[in-house]
Each structure stands twice: as C-alpha cells, then as structure tokens.
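Handing you a structure now.
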Amino acid sequence: MKSQTSLLNKGLFSHFSGTIFWLTVVFMAMNIIALPLSLWIVTYDRDLIPGYTMPDNLLFQMSAGQIIIGMIFSVFLAMFLLNYLNDEASSDFMHSLPIKRTAVLTHALMTGFAAITIPLLITAVILLLERIVFIPEIALMEIGKWLLYSIFVNCVIFLISVFAGFLVNGIFLHLQMILLALFLPLALWGLIYGAAAVLFDGISQSFIEHSEPVLNATFPYIAVTQLYSGLDVTLNLVWAIIAAVLLLLSFVLYRYRKNEYVTDSFNYQWLKSALVAVLSTGGMLAMGTAVSLLVIPLSVTISIVGFIIGAIVTYIIAEMLFQKNAKIDMNWKTFLLTLIVIGVFWAIFIPAWSNYTSSVPEASKVDSVYVSSDYEYYTNTSIEEYFEDGFLYDNHPRTIQNAVNIHEAAVQEKSVPGNYSGEETAILNIKYKMTDGTVMSRSFSTLKADAPLFADVNNLKNSQYDINSDFLANLKQHPDMIDLTLFSGMVNADKSFIDDYKENTDALMSYNPYIVNQTGQVEMSANYKNNYESGFSSIYNSAVLDRIHASDISVSDTLFLDQSSAMYVAEPEQADMADFFTDYHSLNIEELTEKYNLKALSAAEKEETLTAVNNGELAPEGNKLLLFSYPNYTATSEDYAADIDFSIIAIQ
C-alpha cells in the first residue's frame with residue numbers, strides 16, 4: 001500500500017474494481033440490450049410502414065427501461081462497494097491501513113463513478129454507430145443529451161445509496177434504507193391520501209393533482225417521467241444540489257463513524273426509532289384502509305380495530321427487519337415514540353381533512369368553475385396542453401354562484417364513504433379555477449341520487465348549449481396533432497376540420513339547450529404523435545354533417561341507426577323538455593311510452609326515417625325526437641331506464 005498522503009492508490013482501486021467487476025459487466029450487457037438493440041429492433045421495418053414518421057424524442061422514449069436498469073445497478077453498486085463496513089473483520093482491516101478514511105471513500109466513489117460512466121460511454125458509441133448505419137434520424141445532440149442525463153441519474157441514485165450506507169450496518173439493512181430514502185415519502189403520502197379517501201367524502205379523485213411536491217421528491221419517478229415530458233433543468237439542478245450535499249454528509253459520517261458500531265444494526269438509534277414510528281403509522285393506514293373498504297358498511301368499530309392491528313403488526317415487522325438477527329429487541333423508547341407519532345398523526349389528520357372536505361370558496365375568489373355529475377375524463381395537464389382556455393370551465397358570475405351553492409349543499413349532505421344506507425348515490429365533481437391561478441377540486445360520491453342539488457346541477461348544465469364541454473369547439477391546433485377521427489374512427493378528418501367546426505358553433509347556442517346537450521352528442525378523437533384525446537361534440541353542427549356527406553359513410557351508419565331494432569318518436573312540448581329528459585334518465589321505455597305517448601315506428605316508417613336522416617334532415621330547433629335502440633336490443637323484464645338502451649336525435 002502507498003502512504004496515506006498518496007492521492008491515488010492502485011491497491012484500493014484494484015480491490016474496489018474487483019468487487020464490482022462482474023456487476024458492471026452485467027450492467028453494460030443489459031444496457032446494450034435495453035437501448036441500442038431494442039432501438040434497432042423497433043426501427044428495423046419502418047420502411048415497410050407507409051407514412052411512418054419517427055418521433056422526435058424516440059431515443060428518450062426508448063430509454064426508460066435502460067434508465068431503470070441503471071438506477072438498480074447504481075443501488076447495488078453502492079451496496080457492494082460499502083459492504084466492507086458491514087463485516088467487523090473487513091472493517092477493522094480496511095481502517096488499520098495507513099490510509100485516511102476520506103481517501104478510502106474517495107477511491108470507492110471514483111470506482112463507482114467509473115463503473116457508471118464507462119458502460120454508458122460504450123453504449124453511446126454503439127448508438128452513434130447505429131445512427132451512422134441504421135438510424136440517421138437520431139440527432140447527435142440527442143445522443144449527447146441522453147448520455148449526460150443517464151450519467152446524472154445514475155450518479156444521483158449512487159450518491160443517495162452511498163449516504164444511506166453510513167446509517168446502518170448490514171447489506172440487507174442498507175438496501176432497506178435506500179428503498180426508504182427513495183420511496184418512503186411517496187408511499188406514505190399515498191397511504192394518507194387513501195385513508196382520507198375512505199374516511200372522508202369530498203376529496204378529489206385525482207391523486208396526481210395533490211401529489212406534485214411528493215412526486216418531485218421521488219427521484220426515480222421524475223427520472224423516468226422526464227424522458228417523456230422533457231428535461232426540467234430547475235428540478236434536475238435541485239437534485240444535483242441534494243446529491244452534492246449527501247456526498248459531503250457521507251464524508252462527514254464516515255469520518256466520525258466508530259468501528260465498534262459495526263455490530264449494531266443502526267449507527268444512530270434515534271433514526272431507527274423514528275423509522276419504526278413512521279413505518280408503523282404507514283402500516284396502520286394500509287391495514288385500516290383495506291379493512292375500511294371491506295367492512296365499514298357493517299361496523300365502524302371493526303375498521304378502528306383494523307387501524308390498531310395494522311400499527312401493531314407493522315411495528316413488529318419493522319423491528320424484525322431492522323435487526324441483524326431474528327431476535328426482536330423491543331425498546332420502550334421506540335415504542336413510546338411510536339405511540340406519540342401515531343397520536344400526533346391522528347390529531348392532525350382528522351381536523352385537517354375535515355377542514356379540507358368542508359371548505360367552500362367564496363364566489364368572489366373564483367375565476368371559473370366546472371360542475372359535473374359524471375366521472376372525470378381529463379387531467380389538468382391534458383387540459384392545459386391540448387385545449388383552449390375555458391374548456392369545461394364557465395366564468396359567468398351566475399354560474400359560479402350557483403356552483404358554490406351546490407357545493408355548500410353537497411358539504412351538508414355528504415356522509416362517510418362506504419357507509420351504505422340502501423339508497424342509490426350519485427357522483428358530483430366540482431373544479432374551481434381561482435383568481436390566484438390555483439385549481440381547487442372536490443369529488444363527492446355519497447350524495448343521494450335524488451338529492452335536490454342534482455336538479456340544480458341539471459339546470460346549471462342546461463341553461464344553454466354547453467359549449468364549454470364541446471370537444472372540437474375547444475380543441476387547440478396542436479403542432480403534434482396528426483389527424484381527427486369522428487364517430488369512434490368511422491370518419492377521418494384533417495386538422496382544418498377544427499376551424500370548420502368552430503365557425504359553425506353559434507347556431508348551437510340558439511337551439512333548445514336540452515335537445516343540443518342531451519341528444520346528438522357523438523364521440524370525436526384527436527390523434528397526436530405520442531398521445532390521443534377524445535370527447536363529445538354535436539352532430540347538429542353543420543360541419544359534421546358536411547364531413548359525413550363527403551365520406552363514404554352515411555349518417556345512419558355513424559349512429560348505428562340501420563342496426564336499431566326499435567324506434568320511437570316523441571314530440572314533447574318545448575316547455576316539457578326538461579321533464580321529458582329527466583324521465584328519460586329514470587323511467588323505462590314502457591313507462592316513458594305511456595307517459596309521453598311515444599309512437600313505435602313500423603318497418604316502413606323506419607326506412608323513411610333512415611332516408612331522411614341520411615339526407616341530413618335533423619332538426620334541433622324543433623321538438624320531434626327519435627328514440628332508437630342500440631344494436632341487438634331486445635326488450636327484457638329488467639327495469640332499466642330508457643337511456644340505458646336508447647339514444648335520441650332530433651329530426652324533422
């Protein structure tokens with residue numbers, strides 16, 4: 001061995017390199033399979049596909065598997081390099097050498113960085129050769145960006161793993177600490193959110209909307225998602241700073257680490273106690289949530305017992321996992337801390353979520369609002385990316401005030417989720433865009449279906465044509481859009497159809513809102529390079545009918561009218577439209593026929609109706625409604641509402 005003042009020591013490098021040699025070879029082989037080979041396979045037959053265009057960021061999209069493999073490798077790399085600290089004899093030998101601890105750690109880190117960088121450089125060279133020979137579409141700059149990003153991701157995971165290694169003694173404990181460091185915040189927040197969702201009604205259905213800070217604190221998650229969403233320089237800079245701080249702390253911890261602690265599971269007993277307390281709380285939430293989902297309709301007491309059992313079982317398991325042997329060494333301080341943490345947790349959890357689910361914003365602080373009694377289909381991200389401002393949201397002051405009133409009524413009428421009372425319930429989703437730019441979302445699932453507030457929701461949505469929810473009327477001309485498909489792919493259109501549709505939306509506002517909102521809504525889809533979005537627009541828009549007539553598909557084909565086995569005609573008075581559609585959603589077809597004197601069409605009348613519809617003889621301005629069954633409909637004894645088996649369109 002060289003002296004302790006030597007900058008580099010070949011013996012140390014040889015020792016650490018030998019420890020991880022085969023691990024590095026396996027990593028390099030898997031790297032080549034996961035990216036260069038997979039990329040070649042995916043693009044091999046692209047010339048045989050007419051009109052095939054390669055995505056701009058194909059290299060990054062294809063590298064998700066390679067990035068995950070690299071992160072796993074970096075974890076095991078740190079575990080193997082620091083494993084000498086977990087054995088008393090090896091630790092004593094290494095620390096008896098005339099080499100400073102900082103030098104030992106420096107050699108281990110340099111070996112690790114080399115093991116990360118060299119395989120990635122080789123992979124980059126292979127990618128460069130692929131670009132020259134097979135895939136010229138991949139830019140040289142993209143390969144460089146991929147190389148730097150891969151090295152960055154692996155080094156961050158490696159430094160987190162190295163830091164975790166100085167907290168414990170034992171390779172299995174080291175692995176546990178790494179997993180906790182990487183995923184504990186996200187797992188704990190997921191359990192808190194899940195427990196709140198089964199105990200309180202009024203929580204948003206979208207987990208992601210409430211989880212951005214926690215997801216940003218979960219490095220493996222953001223490392224993969226940035227491959228698709230684009231690199232976030234600010235976020236990566238923050239993680240680079242965190243990694244640098246952990247690197248410095250690793251040197252500090254190693255310098256003051258006592259050799260005699262090698263026989264202990266944890267170098268810091270307080271850390272073990274804190275982790276046991278936190279994990280016990282998480283286990284309590286997991287078990288309690290599972291029991292609540294299954295049992296709370298029968299007994300709230302059993303659900304409480306589920307939380308208690310979850311805490312006890314997790315406490316025991318955590319104590320077992322945090323030992324270096326099978327014997328459980330119960331510590332009364334750890335047990336007491338666990339009780340305190342659980343008590344403090346519930347003292348914060350219950351009032352915080354109660355306040356969250358009961359809070360209603362002031363109308364003056366709301367910029368626009370979206371109210372729906374259906375499931376949510378769009379995320380805030382997709383709305384911002386693909387739709388014009390105002391999609392789904394209404395900024396009329398009267399609408400905002402009515403929405404706030406509906407929200408207040410929902411808060412008063414909600415109950416505990418799963419506490420089944422035998423009555424049918426319905427969904428209510430409310431989203432506010434606040435004047436300060438934030439979004440406030442609430443979802444209720446325990447409200448009675450016949451509650452008066454749903455009548456208010458119906459009136460809110462049918463005061464005029466719901467232009468805010470019209471898919472094509474709010475769709476952007478996105479640069480990544482390829483084309484449009486109408487009627488579940490039966491009719492194709494190019495991007496210019498969006499402008500044609502928007503130019504003809506004014507007429508929809510003049511029709512009876514119940515007719516244009518509840519009939520003639522047909523599915524439209526927008527196809528993008530790496531995504532697609534779908535929604536509903538009105539067949540009464542003249543641009544839609546013109547596009548159908550320009551194709552080889554008839555209007556009756558798009559609506560499956562020609563396959564309908566039952567047709568009825570209704571002619572309710574304009575003043576009775578609201579009642580008619582309310583009954584359409586609640587009465588079966590026989591009851592609806594009796595109440596509104598529906599006329600069943602004969603075979604000849606059906607043919608005449610099909611011809612008229614195919615000629616574009618739709619009439620949303622009138623009151624003549626055609627009710628037609630879905631294909632293969634047969635009357636049953638089941639008491640289904642008419643809207644289950646029948647659709648409606650306005651005809652002349």
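Heads up, the Cβ atoms here are built off N, Cα and C, so glycines get one too.
When I checked TrEMBL for this same protein, it listed these features:
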- 20-42: transmembrane segment (TRANSMEM)
- 63-85: transmembrane segment (TRANSMEM)
- 105-134: transmembrane segment (TRANSMEM)
- 146-172: transmembrane segment (TRANSMEM)
- 178-202: transmembrane segment (TRANSMEM)
- 237-254: transmembrane segment (TRANSMEM)
- 274-296: transmembrane segment (TRANSMEM)
- 302-322: transmembrane segment (TRANSMEM)
- 334-353: transmembrane segment (TRANSMEM)
For the transmembrane segment (105-134), could you work out the same-chain residues 6 or more beyond its ends whose Cβ comes under 8 Å from its Cβ atoms?
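Tertiary neighbours of the transmembrane segment (105-134) are 8-9, 12-13, 16-17, 20, 23-24, 27-28, 31-32, 35-36, 39-40, 43, 59, 66, 70, 73-74, 77-78, 81-82, 140, 143-144, 146-147, 150-151, 154-155, 158, 162, 247, 250-251, 254.
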Who are the chain neighbours of the transmembrane segment (237-254) in space, where the CB to CB distance is under 8 Å and they lie at least 6 residues beyond its ends?
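For the transmembrane segment (237-254), the sequence-distant neighbours (Cβ-Cβ under 8 Å, at least 6 residues beyond its ends) are 101-102, 105, 109, 152, 155-156, 159-160, 162-163, 166-167, 219, 222, 267.
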Going along the chain, which residues at least six beyond the ends of the transmembrane segment (274-296) come within the CB cut-off of under 8 Å?
180, 184, 187-188, 191-192, 194-195, 198-199, 302-311, 313-315, 317-319, 322, 334, 337-338, 340-342, 345, 416-419
